[in-house]
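These features come from TrEMBL:
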| type | residues | note |
| --- | --- | --- |
| TRANSMEM | C:32-55 | transmembrane segment |
| TRANSMEM | C:86-108 | transmembrane segment |
| TRANSMEM | C:115-134 | transmembrane segment |
| TRANSMEM | C:154-177 | transmembrane segment |
| TRANSMEM | C:208-227 | transmembrane segment |
| TRANSMEM | C:239-256 | transmembrane segment |
| TRANSMEM | C:263-282 | transmembrane segment |
| TRANSMEM | C:288-310 | transmembrane segment |
Amino acid sequence: EDGDSGSDGGGGETTNGIKSGLKIAFLPKQVNNPYFTSAGTGGKAAVGEFKGTYSETGPSEASPSAQVSYINTLSQQDTDVIVVSANDKDAICGALTEAKSGGTKVVTFDSDTKPECRDVFVNQATADGIAKSQIKLISEAVGAEGGKIAILSATANATNQNAWIEKMKTELAKPEYSKLQLVATVYGDDNDQKSFQEAQGLLAKYPDLKGIISPTTVGIAAAARYLQGSTYKGKVALTGLGTPNQMRAFVKDGTCKAFALWNPEELGYLAAYAAGALASGTITGKQGDKFTAGKLGEYTVGANGEVLLGDPTTFDASNIDKFNF
Amino acid sequence: MTAPTGVVHRFFVVRELGIGLALVLLVAVTAIVTPRFLSAQSIKDLLLGSTILAVLAVGQAIVVITRNVDLSVGSVLGLSAFATGTLFVNAPGTPIPVAILVGMALGAVCGLVNGVLIAAARVPALVVTLGTLYAFRGLDYTWATGRQINAADMPPAFLRMGTATVLGIPVLALFAVVVLVVAGYYLRTFRSGRELYAIGSEPAAARLSGIPVGKRVFTAFVVSGMLAGLAGVLHAARFGTIDANAGLGQELDVVAAVVVGGVAIFGGSGSVYGAALGAVLLTTIGAALPVLGVNPFWQRAAVGALILAAIALDKVLSARIAARLRVRRARRA
Amino acid sequence: MRRSAWDIAVVVALLLFVVVAGQTIDGFGTARFWRFVALEVVPVAVIALPLALVVITGEIDLSVASVVGLTCTVFGKLWAVGVTSLPLLIVACLVLGAVLGAVNGVFVTVFGLPSLAVTIGTLALYRGLAYVVLGDKAVADYPVSWTSNAIAPIPGLTIPWMVLVVLAVAVVLGVVLHATPIGRGLYAIGNNDEASAFAGIRVARTKFWLFVLTGAMSALAGVFWTFRFASARADNATGLELAVVAAVLLGGVSIFGGRGGLVGVLAAVVLLATMRNALQLADVPANTLTIVTGTLLIASVVGPNLVTLTRDGLRRRRTKALALKGASP
Amino acid sequence: MEPSGALLALRAVQKSFGAVAALRDGRLDLYPGEAHALVGENGAGKSTLVRILAGVHPPDAGTMTLDGRPLVLTGPADARAAGIAVIYQEPTLFPDLSVAENIFIGRQPQRSWKRIDTAAMRRRADELFARLGVRLDPDRPARGLSIADQQLVEIAKALSFDARILVMDEPTAALSGVEVERLFAVTRSLRDAGAAVLFISHRFDEVFALCQRITVMRDGAWVSTDRTEETSVDGVVRRMVGREISALFPRVEHVVGDTAVDTAIEVRHLTSAGVFDDVSFTVRAGEIVALAGLVGAGRSEVVRAMFGVDRYDSGEVLVAGRRLPPGRPDAAIAAGLALVPEDRRQQGLVMDLSVERNATLVRRWKLSRFGLLGFGAERRSAQTWTQRLQVKAERLGNDVSTLSGGNQQKVVLAKWLATEPSVLIVDEPTRGIDVGTKAEVHRLLSEQAARGVAVLMVSSELPEVLGMADRVLVMHEGRLVGDIPRESADEESVMFAATGSTS
Ligand SMILES: Nc1ncnc2c1ncn2[C@@H]1O[C@H](COP(=O)(O)OP(=O)(O)OP(=O)(O)O)[C@@H](O)[C@H]1O
Ligand SMILES: Nc1ncnc2c1ncn2[C@@H]1O[C@H](COP(=O)(O)OP(=O)(O)OP(=O)(O)O)[C@@H](O)[C@H]1O
Ligand SMILES: [Mg+2]
Ligand SMILES: [Mg+2]
C-alpha cells in the first residue's frame, strides 16, 4: 500500500514504504518545554518503528536566532530530515533553505514557516477548527447570558496563536455569539509567572469578566492556578488548550469545566512518519500525496503541503482520567 | 540633637520616603481610575505578587551593599523551585517546613559556590554570578529535561499556603515581612551588619580596619542564595506549576528593584526596606498598568521609563541633601 | 603587561580549541562551519567591540540588545509604510541607534546616574518601544537581494563579507584604544575619573560619545539581524546583552574599568561562537552548553587569580614558618 | 641594640614587592612611655615598615617580638588584638558611614544581645573630639570631609583603641599648627600613660618636639637610632640622605613682572555659595604668590574652581586677559594653566596606570603624531622629567601606585612641569615630601618663577609660605582677608589674618 515508491537508492528494507536508517532530527521551539517533550516521545516511537535514527536537539530558549544555529548544525551533520516547530515563520527560512539545498528535507510541525521553506507541514488542527472549538467551549462555560471575555495568549509574536486569535474574532462575529464580548488580549509569553500575573491583571481591570480563553498550555495552567486561589473561582469560566496532566486538578475542583488539545505525542508521531515518507520519496509534499503513519493510519497531503492531524480532543471531568500526557 | 544631625537623619529617611511616595501616588491614581484596584482581592494579589521579588530583593540588597552583585538569583530560584516540586513528587508526605528548609539549603549551597569563588578566589562578583546564572540554569534544565511538575503533584496544604491569608494578609507575604524585618534589624544593629556597609563603602579601608572582608562577603552571598532558595519554595507554592524556566530573567527585575529602592549600586548605602519597597513599586507598576488600560504593548516601555524616573528622582533628592550638607559645614570656626 | 598576557591567553585558548576540536569532532572546521560561525560572530562582535570601550571607562551598557530589537522594528515599520531606499533605511537606523545611545549617555553623564541602573531601565524601555512600534506583527517581505547580499560570502570564500566590516571596526577601535591619546584617556577615566578630570580629560563628554557609538553600532547589528533573519520582530535579539557582556569579560576587560584590550575581546567572541557550534556538532545538548558557557566565564577570571593567590599563599606560609623558626631560639 | 625592655622589637625585617626591595633591614625598638621618631627620605621604607607592624603585609623575613614573645600577624585584626593602633599615611575612611561609625567600626559599644549602642557610640566620639579639640559632628557621613578632617577622624580612631602601641604615619601632613599642637598634647598624655608611640614625619621641628628617640632609615635599611638630645637636625639629615644638604628655601633671584603688562592670571569676584565668596586677586608673570590660611579656609576650592574642575556661581578667571570658560580644565590647560592638586591619590594620579602614562597624560596629544602615539615618545618624555625630579621608580612601566608617597608627589609635579605652563598652581606641593626633595621642589618653583611663570602656591606650612612667596594672600572662611607683600609678611601678620582677628 505504498504510493509510487520513487527513489530507492542504497537503503535496505522498507517499513510502510519508508527506508530504514534515516537520520531524523526533531528541533522543537525549545528543549525545556513539556509539550515538546511529549511530541518528541511520539516522534521517537515512530522513528523506532521504521528503524531510523532519532535525535532531538534545540535551543534552551524559544528564539528564532538560536534555532537557526541548530538548523545550521543539523545540515552540517547531513541529517536526512529536520522536523522543526518554527519560532518564527520567516526568520528561520534562510537557514532551512540553505539546509534544503544541501539535500536535507524539512518537515514543520506545530508551528509553520512560510510554505516555500519546508516540504510538509504537519498541522495539529486547522486554525478554523481550533477557533471554533475554543469559542464553543467558552460560550458553553459562560452560559446563556454571555458577557465579557478575554484571551491570554503566549508571546505577541507567536504565529499560530495570532492566527487562531484572528479566527476566534471572526467566529465571535457570528450572531449566535453576539452576547460574548472580547475585551482584551494579553500576553503571558509562555512564561508561567508572567501568565499568572496577566490573568490577575485581567480580573483587576475587568471585575465583571465572565471568561478567559488561554489557547496555550502554559497560559491555561497559570490562569487556572490564579482563579483557583482567588475569589473568582467558579465565577469566571476558563477554557483553552492544555494538557490533561496539567489541568486534572482544576477540572476536578471545577475551576475549569472543559478544555481542548490534540495529543502532542500523536503529533510528533505523525510528523516523524511524514518525515520518513518524505525522505523515502513516498511523498513529495504536493497535494494528494498519501502515506501511512503507523498506528494512526493513512494520511493525505492537503493544500500547501499540509497534513492535518485531526480534530482536537475536548477534555472534561468525564474523560480526563483516561489520558496521561 | 544638633541641626546637622537632623539633616543627616532625614537624608536617610527621605530615600525610602521618596519611593514610598511614588508608590502611594501610583496606587492613588490607579484607585481613582478603577476603585476596584483597592479591593481585598486586588490588594492580596499585589502583596502576593511582590512577595517573591521582595524576598529576592532583600538578599540582593545585602549583596549590593557590599559592592557586589548576585545575578544568579533567578537561576537559583529556578533550581530550588524545581527541587521543591521534585521533593514532593518523590516523597509526597514531606512536611512543609522540611520542604522550605530543603529549598533554602539548596539555595545556600548555590550561594556558597558564588561566595567561595568571589571571596576566596577574589574575582569580580558580576562575572562570577553571570557565569553561575548560566551554570545553575543549565543544571536546572538538565535535571528537568523538559519535565513539568503540576499542581496535582504537590500536597494541597502546600498549595493552600500559596493562597491562604491571615487577617487578609497572604501567608506568603508574611514570609517576606519576616525576612525583611530580620534583615533590616540585623544590618542596622549588629556589628557584622554595619561591617557589610563598611566593606561596600571602601573595601581597601575595610581590610585595613581588620574587618574579615572575605568572610562577610561570603556570608552575604550565602544569605542571598538562601533567600533565593526560599523564594523558589514560595514560587512553587504560589504558582503550582513548575518547569525549568521558573525565575528565568528575574535577575534584572531584582537588580532594578534594589536600585529603584535607593540602594547604591556601588555599595555602602541604602537599606533592605528600600529594596523591598522597590520590589513592591515595580510589582505595583506591573499590576497598575493593565488596570489603567495601558495597551499591553506599552507596558514594558512604561516599566522602563518608570525605573529611569525613580533613579533620577532619587538622585535629585540626594543631590539636594548633599548641597545642604555642604552649605552647613559640619565644622565651623 | 598583564593585559597583553590575557589577550594572548584567549588567542591561545582559541587556537588550542580549534586544533583539538579539529581532531575530535566530525565536520568541524569545514568551510561551511566557518561560515556559520562567522555569521554568528558578526552581530556580537559589532556590539562587543564598542562596548569594550565603554566597560574600559568603567561604565556598562545593558541596553544593547534592546537597541537591536528597536532598530529592527523601526526598520521593518519604515519598510512597511513604504520607505524603500536601502541607504535611507540604514542611515535612519544608525541615527536612531545613536540617539538611543545618547539617551543612555545623558542619563549617565549629565544626571550622573550609575550606568548599570540606567541601562537596566533603558533595556526595558527600548524593548517596550519595539513592541509599541510593531506590536505582534513581523515584517518580513524584504527584497531577496537585500537579505542575501547581507550574508553573501566574500568572492571565492564562504566567509560572509560582513566579517570585513567587523575587522575594520576592530582595527579602527583597536588603534584608537591602544595607540592614540584618546585611548590613553579611556584607560585613565576607567581607573580614576576624578584624576582624569584634573588632567583635563573631558570625562563626561568622552563617556557620552562612547554610549552614542555603542548605540549606533548596536543599530548596525540590528540592520544585519533584520537581513540575516529576514524578519523584523519586537523580540529580536532578546537576551543578546548577556552574550555580549560575557564575551567582553571573557576577553579580559575588567568590569571595574581601566583594563583590557580589543584583541582579547575579538578572540573571545570568536572562541565562544566556535565552541558553541563545535559542541552542537558534537551533539552536546543545549542545556549542557549553557553550563559550559557559565563555567568558561567563571574560569576566565578565576584561573589567573588562582595562580597568583596560590603563589602568594605559599610564600606567606613559608614566611610564617620562617618567622616562627627565627623567633623561637 | 638589645631588645631587652623593649615593648616591641623588629629585627632584620625584609619585604620585597616583586623586584623592588622596599625593606631590606628593618630594625626598631619601641619602649613604653616613649615617643619614637622614624625618619627617612621618600621611599626609604617607613610606610612599608608600618604596614608590616599593622599586619597588612606579611614580612618576607625577619622577626618581630612583643613583650619578648614572637609576634606573628596574619592580618590587621591580629595587630589590633596585640594592641597596635595605626594611623596610615593615607586616610582610610568609609565615606558612607557616619564619622562615629568610622571610628568604632567593628568595635562599636554594645548593649544587650550584642546590639550596637548608638547613643554610647556617639557620646564616645564626642568625647574623643573634645580631647582633640575639634568640632566634628559624629553623625555626619565621612563623605565630603576635607583631608584634614579625615586625618582627625583617623586620629580619633587610633586614640579610641587605648592601644599600647600607637603608630602614626605622617599624621600631621594635612594639619595646621593648632591641630598639630592638640595632637601632640594628646599624644604626650598617652605616652606618659605608658604607651609606646611611633611617629613618622618629614617635619623635624615636630620630631624634635615630640620624640625621645629618632631612628633613621635609608634605602630600606636601618641606619641609626639615637636619643633626641644626643643628636641634631643636621646630623639626622646627613644620615638620611647620606650627604650634606644646603639651605632649604633657596630663592633663585628673579624679576617680578611689571603689574601693568604682565598680569598672568586674574580672578575677579569668584563666588561659590557656601564655599568661597567674592575672591579677587591677580598673579603676575614671574611672581610667586602664596595662598595661606587655616585648613578649611577654602583655598583648595578656589584653585580648583580657577582650573575649572569645580563649578562656581559667579565671577570670572582671566588668563593673559582672556576669559576662561568655567568648568573646562582642558581649556585652562590650553591657556597655559597647570594645577598640582591637593590629594595626589584621588586627583593627582591614576594609581593603576604606569609612571610614564601618568607623567605624560596631560601632554598625550602633544606627544602624538598624526593622532598616533608611539611608545618611544611617551617614555622619552617621561624619562626626561622623572629624572629631573629624581623620581625613585624601579621602572617607568610600573604602576604609579607602587611608588612611595613622596615619589608619587614628584610624578605629579613632573607631569605638570612638563606642560611648561605659564601659570602654575600648586596645592600643598611639599606635603609628605622629604627634606631633600622639598628643597628640590622649592628650587624648581623658584626656577619656574625666574623663567617668567606665574606661581600660585597654596600651603599650610608657614615657613614655606614665608620663605618662598613674593606676596602672601590670606583666606579666612572662604574670603580673601589679606594681601601681604613679602617685606611685611611674617608669622604674626599671616596668622593674624588667617585666624580672622580683626585689627
Ligand atoms: N605595593 C607595592 N608594590 C611595589 N612597590 C612598593 C609597594 N609599596 C611600596 N613599594 C616600594 O617600596 C619602597 C618603600 O616605600 P614606602 O612607602 O615604605 O616609603 P616611605 O618611606 O613611606 O616613603 P614616604 O616618605 O614617601 O611615604 C618604595 O620604593 C616603593 O616604591
Ligand atoms: N564635598 C564637601 N562636602 C562638604 N563639605 C566640604 C566638602 N569639601 C570640602 N568641604 C568643607 O569645606 C571646607 C574647605 O575645605 P578645604 O580642604 O578646601 O580647605 P583648604 O583651605 O583648602 O584647606 P587645606 O589646607 O586642607 O587644603 C572644609 O571645612 C571642608 O570640611
Ligand atoms: Mg610613607
Ligand atoms: Mg586644601
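Just so you know, glycine gets a Cβ as well, placed from its N, Cα and C.
Automatic prediction, not curation, is the source of TrEMBL annotations.
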Intrachain neighbours beyond the transmembrane segment (C:288-310), with Cβ under 8 angstroms and 6 or more residues off its ends: 6, 9-10, 246, 249-250, 252, 272, 275-276, 279-280
The transmembrane segment (C:263-282) in contact with the transmembrane segment (C:115-134), cutoff 8 A, at least 3 CB pairs, sep 6+: no
Cβ-Cβ under 8 Å with the transmembrane segment (C:239-256): same-chain residues at least 6 beyond its ends: 3, 6-7, 9-10, 43-44, 47-48, 51-52, 55-56, 58, 60, 62-66, 68, 123, 190, 262, 264-269, 271-272, 293, 296-297, 300-301
Distal contacts, the transmembrane segment (C:86-108) - CB-CB under 8 A, six or more residues away: 59, 61, 63, 67, 70-71, 74-75, 78-79, 114-115, 118-119, 121-122, 126, 146, 207-220, 222-223
Non-local residues, at least 6 beyond the ends, that sit with Cβ under 8 Å of the transmembrane segment (C:32-55): 61, 64, 68, 115, 151, 153, 158-160, 162-163, 165-166, 169-170, 173, 177, 186, 190, 207, 210-211, 213-214, 217-218, 220-221, 224-225, 228, 237, 240, 243-245, 247-248, 251, 253-255, 257, 260, 262, 265-266, 268-270, 272-274, 276-277, 281
For the transmembrane segment (C:154-177), sequence-distant contacts whose Cβ falls under 8 Å of one of its Cβ atoms, 6 or more beyond its ends: 31-32, 34-35, 38-39, 41-42, 45-46, 49-50, 52-53, 56, 183, 186, 217, 224, 261-263, 266
Chain residues in Cβ proximity to the transmembrane segment (C:208-227) (below 8 Å; excluding those fewer than six residues from its ends, i.e. six or more beyond): 42-44, 46-47, 49-51, 53-54, 57, 59, 61, 64-65, 67-72, 75-76, 89-90, 93-102, 104-106, 108-109, 142, 146-147, 149-151, 162, 169, 186, 236-237
